[in-house]
Amino acid sequence: MGSMFDENDFLACCGSTKFAKEMVAAGPFSTHQDAIHAARDIWFNKVDVNGWLEAFAAHPQIGQSPSPDHKSPTFAQWSKGEQSTALATATDSTLQELFEGNARYREKFGFFFLICASGRSTPEILAELKIRYQNRPIIEFEIAAQEQTKITELRLSKLFSDKTDTAPTIKPLSTTNIATKAEEDRVNIIGAHLTAATGAKPAHIPKRTRPPITTHVLDTSRGCPANGIEVRLEMWKDNQARPQFGKDNFGGWIILGSSATDKDGRSGQLMNMVEALDPGVYRISFNTGRYNPDGFFPYVSIVFEIRESQKWDHFHVPLLLSPFSLSTYRGS
């Protein structure tokens with residue numbers, strides 16, 4: 001199926017040229033889920049800031065129709081469909097409010113307000129616009145990138161569905177045996193269920209291209225990535241107990257690795273490249289006191305648990321740091 005897709009197909013999903021080229025290079029994809037995993041990795045690890053901005057700029061302003069000369073007619077068609085609920089629930093006054101809100105947003109952040117609008121009404125979008133307008137630019141940039149991920153994944157689903165529906169049912173290659181292929185597909189599906197039950201790696205999950213736990217730090221007070229913060233990753237190894245809030249948790253933590261953030265705020269490798277993570281409790285710590293001796297946090301530790309069903313996942317744990325607050329979220 002993956003061989004059907006070219007650069008124009010992936011440009012319809014995400015307006016970044018770099019993203020489209022990398023997706024073609026990463027393919028072919030045997031399943032929709034393989035494409036999703038590759039898209040997340042490419043978007044967050046291979047597309048740079050300019051690529052993000054190019055993707056943001058490809059979208060029409062919320063409440064307006066795409067340009068008739070858009071570089072991807074499919075992109076424009078999908079954008080129009082995704083905004084159909086918003087346009088159906090809009091009035092002259094709410095459209096004017098959207099227009100004015102978008103103008104203020106662009107003046108503050110440098111790009112138009114981006115949101116996965118599919119199925120969302122104009123009042124919902126306006127409420128979100130007002131909330132996100134209060135954000136610092138570095139935080140809003142990350143949120144817009146996450147919204148682009150939602151849009152990309154929605155469109156990849158459409159892309160696979162459309163290609164499947166229009167694919168020829170008879171292939172001219174003499175080596176193709178449709179009956180045999182169907183039987184192989186059934187075996188693969190059954191095998192995926194069996195391997196999931198036994199703890200083996202599911203067939204649809206691609207080989208890792210980076211360690212399963214990664215991080216980066218954004219300094220929201222300066223509006224830039226935080227360079228040079230020491231980072232340490234540990235795992236709780238005491239089989240007799242588990243770390244608990246309000247209790248001494250000494251002796252059970254084992255260091256897996258340490259590094260420092262680079263100019264992009266990303267840490268180096270914090271653990272070995274393993275396919276399956278050991279389920280358990282992990283702690284990632286940031287030496288924020290050395291980074292900013294006058295700051296509010298001498299250090300920051302984040303404790304999280306990875307369960308058996310999650311051992312094949314990737315965990316990206318960014319830290320958004322300001323003088324008096326911090327926030328984290330788990331990425332793809």
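Using the three backbone atoms N, Cα and C, a Cβ is placed for every residue, glycine included.
Nobody curates TrEMBL annotations by hand; they come from automatic prediction.
Feature annotation from TrEMBL assigns domain 'Oxo-4-hydroxy-4-carboxy-5-ureidoimidazoline decarboxylase' to 10-156.
For 213-331, the entry in TrEMBL reads domain 'Transthyretin/hydroxyisourate hydrolase'. Averaged across the domain 'Transthyretin/hydroxyisourate hydrolase' (213-331), pLDDT in this predicted model comes to 83.
What TrEMBL lists as substrate binding site is His216, Arg266, Tyr329. In sequence order, Pro225, Thr261, Asp264, Gly265, Arg266, Ser267, His316, Pro318, Leu319 are the residues near His216 (substrate binding site), counting only same-chain partners six or more apart with C-beta under 8 A.
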Including all protein chains shown, what's the count of other C-beta atoms within 10 A of the C-beta of Arg266 (substrate binding site)?
19
